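**Q** Provided herewith is a single structure, encoded as structure tokens, for subsequent inquiry.
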Amino acid sequence: LFDGVYPFYPQQRKAAVFDISTITVIVVFLTLACSFLLIFPGIRGRARLYWTLRVLLSLFVGVVIVVVQFTGDWETGWVQANTSYKSFSRVQVNADIGLHIGLAGVNVTLRGNPVNQINETINYNEHFPWNFGADYDRSYSEGLKKGLPSPILYVAEKFSTQSPCAMHRQYRIASHYASAMLWVAFCTWIICNILFSMPVLIYGGYMLLVTGAFMIFSLLSFSTVRNSPMCLIQIGTRTLHIAYGGSFWLMLTIGLLCFVAGITIVAMHYLNLDLLKAFFDLHEDKAEENQEMPEVFVNPHFVNKGL
């Protein structure tokens, strides 16, 4: 309507890091944590501290495993450059271009410096999915039809199936395997909590090691994209470089934490079982089961009758 530019932006934008799925998962785990806090005053003695540490740490591991499936910052990169804003136009703008790669797709961000330039508000954030059931090329074609800014289309084109860079195949396969490993890690995390509650401490420790192993396997799967040569993403005279983002390093930290916790539990089982049982609030129960009755009351009526 205005020189080929639409007067409105019809597509609902998607956040680069957090979306509705992420918020839903966080709310579910926060609900579980709040439910535990309701029964927290009923736990006596030092067991209160041990229970709090175990439950909150376990919930934190679980929420991280699920949330990173939906985050978009496994790899991130930013660059500030002077670039053309529209196709077939010589008008250039100064903007920050961001690339956020997740397991479900890529987000491309375009933010002007300042935001208002050439009588327009330059603040875009576009999501192009490649997860199961999604068609990346179709999303890219829809962006072409809507007339998205040139920097967004240029970056998104690098990940299309028609691009000679072949980055779409690399990232899509690596992301699918990484996602599958994380779902297996989530299942082993559930089994680990079941074993600790039975309680079978030594097997719970082994399963915690398995959970950490699958987390590390997911990171190794995603990092395989680095083994292939990457196409340069040239924006004006600047190059957009990407590096591992917050979700990648968070998953690495949680995976190592599971390894440390699992090794500690297994070592304590063989070196100091009493301390391990005390941490899991089992030592006192065992002592009560083995405790002898200090005093016996006998009815004198039956004693007199010789019964």
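Backbone N, Cα and C atoms are what each Cβ position is placed from, and that goes for glycine too.
Dumping what TrEMBL says about this protein:
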TRANSMEM  20-39  transmembrane segment
TRANSMEM  51-71  transmembrane segment
TRANSMEM  91-110  transmembrane segment
TRANSMEM  177-196  transmembrane segment
TRANSMEM  202-222  transmembrane segment
TRANSMEM  242-271  transmembrane segment
**Q** Which sequence-distant residues neighbour the transmembrane segment (20-39)? Criterion: at least 6 residues beyond either end, Cβ under 8 Å.
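**A** Non-local partners: 52, 55-56, 59, 62-63, 66-67, 70-71.
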**Q** Given the transmembrane segment (91-110), which of the listed stretches 51-71, 177-196, 202-222 has the most Cβ pairs that are under 8 Å apart from it?
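**A** Ranked by Cβ pairs under 8 Å, first place goes to 51-71.
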